[in-house]
Structures are given as structure tokens and as C-alpha cells.
Amino acid sequence: MTKEEVEHLAKLARIELSPAEVETFTTEISAILEYVSAVKDIAGDAADTAPTVGRHHNIFRKDEVTNEPNSFTEALLAEMPQTEGRFMVVKKILNTDS
Amino acid sequence: MHTISELRKKFVAGELSPVTVFDEAIATITAKNGNINAFLAVFTEARDEAVAAEARYKAEGDAAPALLGIPLAVKSNILIKGKNATAASKILENYTATYDATVIARLRAAGAIFIGATNMDEFAMGGSTENSAFGPTKNPLDTKRVPGGSSGGSAAAVAMGAVPAALGTDTGGSIRQPASFCGLVGFKPTYGAVSRYGLMAMGSSLDQAGPLTHTVEDAELIHSIISGTDSYDATTLTKDTYPEVPVKDKCVFGVPRKFLADGIDPDVLDTFNAHVEKLKAEGHTVVDIDLPVFEKGLAAYYIVMPAEVSSNLARFDGMRYGLSVEGDNLLDVYQKTRAQGFGKEVKRRILLGTYVLSAGYYDAYYGKAELVRTKMRAELAEVFKTVDVILTPTAPTPAFKIGEQEDPLAMYRQDIFTVPVNLTGVPTLSIPMGTVEREGIDLPVGVQYIAPHGGDARLFAIGKKVYDERQ
């Protein structure tokens, strides 16, 4: 793991890192990756581990509204950092300069 | 120290009032929380519910709901409508929950009173409660030491005598390890036994909510109330998801001896061996077992968990709720909000998760880790053909000192016995097995009982026999 790789990961994860953070994370994440790389040996050959559908599986419900209209609107609006009437204010995503 | 069952008897008999218990709890918190820092928020306004509970006991007696008037502490990553829920993160410092988690709704229906939100490692990431944005929690049994984590505030709230029980969440040991460090009972149910609706997601395929209590009986009572199918969580179990796991009077215990050969404190191992001898003396059978894949679960865990963390925490974008830091453009807002809002351990895990999920590395890490999980489940299924319950110490050490574990990898090794359980989804109960002495103080250590999927009742039955009845 290089500093450049950590900087790239931070960009993907949308977290701004200080140079000091890049430094420590480079060392720490390298050590952790070295440790977890053992899974390659533990997993062994994929052929002898056929993926199985467990007893526990996802259940889908009908795609329908389950609550009264507007029952959460005020509470949710109150949590938003910036609102305009019943709308959330966000930065424009088109035609940005950067 | 009160247990729920003692309080209940006294409430029904009219020997004690829920109001008195509530006031005592607040007095204990006022006296001790400044030092211990178990609670992040205290809900004094809930006293009205204690007053109402007192009246209901007079009118209804034993017909009153099972937890009526019982004060509980709740880990702050579990939503209580109208209350501040921060998960001990700056990014949610001013967040108010807009709905009740299913576990909260069920406890509320059973009459429980929520007295406060407890401290934790930020977003449940850690094993010591030192990773809280609002300062560490201290272990009430030795305030130089950590209470364990990530549900350290919940464990400390019970251990300091404020409440008879608390709710925690367990992704890789976060209920059991603090229970071990604070001398409590901690229970991590079969994955899917308890709804995750209203729990802040960390590792969605690993997370479960459960109780921290003084007795196995109390843990069973809380679990019986919070568990069950929930239409808001499609991963909850139904009655016939798993075959019935019979409760046994005498159990065959399996001890993975090779798993215990390395990296475990010698005093903890001695205490564990003494516990095993006691089980034998009580007529149970103890056999050695081999779990070559299960015992290496830690490596798979630190791939699967950060991968799920990086996905789940993508929701914190500075737009819809929580902290928002002004920036030049949308990307800048994201990056600055997440930089200021998240602590170091959270950032580390998000970066690690982003790496193992990125193109080119996915198969080598996440794919392999999922394959390991499949092998672990197969290995357990084989062992449970001949063994009823698997035994390990809950944690490899007693409570360590605050600030003592600085290397993240060393801290992760605290979870060596607990994470394989979450990766496979089986239920597990941690009960105190004795104490080890450090600097003149007897520190509790726990033993972990693991049952097959759906075997929660088997654990409660054997736990009551070997722990509650000895008290």
C-alpha cells in the first residue's frame, strides 16, 4: 500500500485526509491487509466449497407505501441541514467548475 | 444490585415503587456518571412513565406487562423516537431519532422505561469504548481500565448499579466482550432472531441486538420480548427457519483446544480450565474438538466487516441529516463533512472496506472471505452433530488499561473468539466464569457458550443452570 493508493481510496470514499492521516493510514492499512491476506490460504480451493443457498434467505414484500402520507415529513425535514419549504437544499451537481 | 426479576416481584407485591427505583437510578447516574461516562444522554422526563407504572401495578398487579416500570439503558446506535441518537459520533451529534427501532417498540409495549442513551465506540467500531467522540467510558470495577466495547457504556451502566439491564449491539463481540470485562451476562442471538430495524447499520450480515444483564434469566426475558419476525426486517427468522434445537439437562461441551493454544492470557486460560472442570463435576461431558477454519475467522472478519461498513456509512453525506460542513461544491461538502464528522477508527475501516471492494481486489479479499464463511458454517454443522455447545473464553484477556492498546491490529485480536460467531450467525451467551487478579483488583472474565443456529433457548437453559443457580 502506497501513500498514493491511500489518497485514491480516500477520494473514492469521499473523505478528505490530512497529510499526517495519509501517513499513518498507509502504515496501518498495509499491516491489516497483510494480516487479512491469510484468507487466500484459509479459503483454499473454491471447487470444494460449493456455494449453498442457506435456510436463511431474503424475503421480499410488495412495493407499496406502508405509512400514512406526511407522517414523517416534518420530523425528517427538521433533521436536514438546509431546507427550503418542503425541499432539501443541495449543491448543484451540473455545470460545476471543478 | 437489582435484577429485573427481583424488581418485578417487589413491584407486583407493592414493596417497591417504580418511582423509587427510577429516582435511585437517576441519583446513581448523577453521582457516578461524571467519572464513568457511561451515559451520553439521560432521559429524566421519563419519570412520568414511572409514576404511571406505579398506578398500573396498584390496579393490575401481576397482570401488568412483563417489564412495566423497569428502567433500561440503551446503546446510542439504537433509535428511540424523539431522543438524541449519536452512535458516539460527531457526525450525528445533534441527530434526533424520527422513529422507534423495533426492539424499542417491543420493550416499550412491555412497559420498560428508557432512562438514557449509552456511550460506545463510534458506530460500534472498537473493543474498548475509547473510540467515542464524547470521551471514553471507564470500567466501574476499576476506573483505570476500559469497560470493553463497543457496548461499553451499556455494560458500565449496569455494572455501576444504575440499571438492572441494558441493550447493546454485537457485530463481532460488542455485547459479549464488555459483559466479560464488567462481570455481566451478555447475549448475542442467532442472526435474524432480533429485528435490525432502527439499529444503525454497521455490518448488516453480522449485527444483532441483545441484552446485558446480571442473570441469564433476565437476558432470556429481554430476548423473549425483542425477538421475533418483523415485517420491517426481511432477514428476521420465522418459527420454521431452523430445525428445533432441543434443550438438554446434561450437555456435551466441545472445547477447541488448539484455538486456545495461542495468544491467550495464562490466568484467563486457568480460569477457563477451572470452569470446564466444574462442568464435568456437575455431570456434563466435555470433549476436545477441532475447528481449523472457524479459529481463523478473524482474518475474514476484518474483510467482510469493513466492506459492509464502507457501504453502510456512505449514507452520511452531509445532505439529509447529521453534520454538514460547507464546501465549494458537492464533492467538497462530502469530503469535508466526512473528514470532520468521522473519527480515526471509522475512517480506517471505511478506507479498508473501500479497498477490499474495489475492482481488481474484490475476488482476492471479499470473495475469499465469503468462501471462508461458507467453510466455517460447514465445519460448525459437522461439529454440532456430536456436540451440544462449544466453549471458549469470551476474550483473551481481562479488561485492559485505558490507552494501553494503541496498535489497531492488537486491538482487533481482542475479538479472536467472538467474531467467528458473528460470521457464522450462531447464537452465543457470555457468562462470568471467575476473576483474575491485577494490581490487587479482582477483574471478572467471561466464558462463551455457542449453540447451533436457532439454539438460543438451549443456551438460556444451560446458562441458568450453570450460572444463575450458583449465585
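Every residue gets a Cβ built from N, Cα and C, even glycine.
From a predicted model like this one, the values you see are computed outputs, not experimental measurements.
Residues annotated as domain 'Amidase' in TrEMBL: B:25-459.
The Cβ of B:Lys75 (active site, charge relay system) has 31 neighbouring Cβ atoms from other residues within 10 Å, across all protein chains displayed. The feature active site, charge relay system is assigned by TrEMBL to B:Lys75 (among others).
Sequence-distant neighbours of B:Ser150 (active site, charge relay system) (same chain, 6+ residues apart, CB-CB distance under 8 A): B:Met120, B:Asp121, B:Ala124, B:Met125, B:Gly126, B:Gly127, B:Thr129, B:Asn131, B:Thr169, B:Thr171, B:Ser174, B:Pro178. The annotation active site, charge relay system is assigned in TrEMBL to B:Ser150 (among others).
Secondary structure from DSSP puts B:Ser174 (active site, acyl-ester intermediate) in coil. Of all Cβ atoms in the protein chains displayed, 37 besides its own lie within 10 Å of the Cβ of B:Ser174 (active site, acyl-ester intermediate). Among the features that TrEMBL reports, active site, acyl-ester intermediate is placed at B:Ser174.
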When DSSP is mapped onto helix/strand/coil, what comes out for B:Ser150 (active site, charge relay system)?
coil
